[in-house]
Amino acid sequence: MSMPVLLKTAVFICLWSTTFGYFYTQNSGNDDKLCFCQLQGTIDDCACNVDTVDHFNNMKIYPRINSILASDYFRFYKVNLKQSCPFWADDSRCAMKFCSVQPCDERDIPEGIKGFSLESPSFKYTKEAHDSIVDCGSDLNAELSYLNTSISDKAHQGFQLWADHDEAQDNFCILDDHQEGAEYVDLSLNPERYTGYKGDSAHRIWRSIYLENCFGSSKHKHSLSFIPYIPYTEITAGNSGICMEERVFYRLVSGLHSSINIHLCANFLLSEKKGFMSESGVWGPNVEEFVRRFSPSDTHNEGPHWLKNLYFAYVVELRALAKAAPYLRNESYFTGQAAQDKELRNAVQDFLGVIDTFPSHFNESTMFSEGVGSLKLKHDFREKFRNISKIMDCVGCDKCRLWGKLQVQGLGTALKILFSGKFDNAASMIKDEKNESLKLKRTEIVSLFNAFGRLSTSINRLEHFRKLMR
């Protein structure tokens, strides 16, 4: 082969590798649209990089978490979708078919999951009932000398309200499964996808979250941009006055936002022959919509940073699962279906074991560690996030509200695990059976796993979009 031919071949290979290669770093023209989601390098405020997370998630976590979430324990979620918006008149309810959520029929809910009182028929199916069975043997005097120390169901509920109030002081979000109007929803029958909910109502939700509840300088508080955000350069600037805790808050919200947008792009209504009012449609990935939401040219160069924030939210929730692992390993995951419950417990044990092998977990100990000032900062951090959970009641689309509440509650549970202090010595506290401070409600466990599952799915779908765009 002659030298000119060899030179031409080398030039072609070089151009191909810089245009379509996985680690392409330049951005220009049409190449920008092809390569903006080819992320690499370290994740801000973390000790790990994108490639490590991609491999760990797609190869090890994603298959396991999706198998776990298909179980009855994790797919039945109790939520109140009837709560009115506490901040503005809720005048933009979505009337389209795909916005609706169908609650569960009472008969479809496993008996072990249902709420119960000590006198209710379903109590006999619960773990508490199973654990209360005592074998008195041949001691007939045990029955004769029995002293009834039980309390009324009403008094039991009263004590539970006190306990819930005390517990809520450490919560980073509002739990509404106990409220009047709360119903069980089968998440597998109400998947998160693009419903057609958009416009001023949807924009107002995100504006309220970013501009009124995120930390940041005042010059962005009154922005009316299509997608409000605090620019990456301001977040990272040394003279911005934004501390790590404030950066973490913003990146978590931004990562959640990116994850939701990826879900909508990956499950987009592709067939509109019958429109949004029809009962069925064809759903799948929409590359054009993905580019519109994340490409640098359409987002003032912020899109790639938003995608990296997805990875940040992922490693924070991953760390929460690792920190709570001693507690989660001890959980029964009780539904009343013995075989399925045992299989799920084994699957969770395996899942938590894999999480323990992640090489570079997020280090939460560097936050809120600067004395008295950190106490106020943690209080502000918690109250701002609780406020975001209230904003979810202002979402006009029921299905969007369902998945928004679930993911915000899951992230709030992760923050509770990381920063309440109750899980700092989880392994030793588990051994102390009298210690009841280490406690998560079923709804918190369900939302934690499902929220992490959504982030895991987003990272997996991002890889799918990369392949489609090549």
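Backbone N, Cα and C define each Cβ position, glycine as well.
If you look up TrEMBL, you'll see 1-21 marked as signal peptide.
Long-range neighbours of Cys99 (disulfide bond) (same chain, six or more residues apart, CB within less than 8 Å of its CB): Thr195, Gly196, Tyr197, Gly396, Cys397, Asp398, Lys399, Cys400. If you look up TrEMBL, you'll see Cys94-Cys99 (among others) marked as disulfide bond.
In sequence order, Phe385, Arg386, Ile388, Ser389, Val408, Gln409, Leu411, Gly412, Thr413 are the residues near Cys173 (disulfide bond), counting only same-chain partners six or more apart with C-beta under 8 A. Annotated disulfide bond per TrEMBL: Cys136-Cys173 (among others), in sequence order.
According to TrEMBL, the FAD binding site annotation covers Arg193, Thr195, Trp206, Ser254, His257, Arg293.
The disulfide bond annotation in TrEMBL covers Cys397-Cys400 (among others).
The annotation active site, nucleophile is assigned in TrEMBL to Cys397. Cβ contacts within 10 Å of Cys397 (disulfide bond), excluding its own Cβ and spanning all protein chains shown: 25.
Feature annotation from TrEMBL assigns active site to Cys400.
Largest CA to CA distance in the FAD binding set (Arg193, Thr195, Trp206, Ser254, His257, Arg293): 21 Å, whole number.
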